[in-house]
Amino acid sequence: MMIAGIDEAGKGPVIGPMCIGGVKIEESRAHILKVLGVADSKKLTPKKREQLAAQIKKHADGFFVLEVSPSQIDELRKIMTMNEIMVVCFSKVLEQLKPDLLYADAADVNAERFATNIRKQYSKTNPDHAKEIEIISMHQADATYPVVSAASIIAKVRRDELIEELKKEWGLDFGSGYPSDPKTKEFLLNWGKEHSGEFPEIVRQSWQTVENIREELKKTGNKN
């Protein structure tokens, strides 16, 4: 039986893309992932993640990373919620892997609903397989199922690569891109002041953080 895991990296940041990773492996060989030492990607150092990502790709029967740019996220948010966007993205990765059993890290407060919605979305493109596939969704699935940990790792490594590329391309150091990062907040505030509340394409314009900065600049009359 072919099993797969899907997880995201970069759902919350205000800067940079979101990556959704998927890893597929024959269930009888899935113990290899445990032997490799995959764990929740957030608990690993960037170097260890990179090493593991290479090993995962070598041993997996299939893998795929979907990249969603800030502008794509902004456009989608005009017509759907973030939860609905996650369903569409997970389904797109599922289309590439087509396992017999999917373990998905729940991107919804209701894990069961998330699984149901993935099946519904997936049935639009793969109606027959959508009836057969077993989908198990749970919170922190990356800490329970090694195949989800593996998906989390390849997603995180790809997002980190893209963030570094953006920093080089723009000649900027905006920190991690997460709203809670002081360096990210400082970058956004300074950029907003210098560009009359307009932000570059690497920023998710629909994020509350950006709205807050725009409001703040309006109140202060955009003074440097």
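Any Cβ shown, glycine's included, is placed from N, Cα and C.
Residues or ranges marked as domain 'RNase H type-2' in Swiss-Prot (evidence: sequence analysis): 1-219. For ASP7, GLU8, ASP105, the entry in Swiss-Prot reads divalent metal cation binding site.
Each of the binding-site residues ASP7, GLU8, ASP105 was scored by the other Cβ atoms within 10 Å of its Cβ; the lowest score goes to GLU8. Excluding the listed site residues ASP7, GLU8, ASP105, the same chain places ILE6, ALA9, ILE20, GLY21, PHE90, ALA104, ALA107, ALA141, ASP142, VAL148, ALA151, SER152, ALA155 with Cβ atoms within 8 Å of the centre of the divalent metal cation site Cβ atoms.
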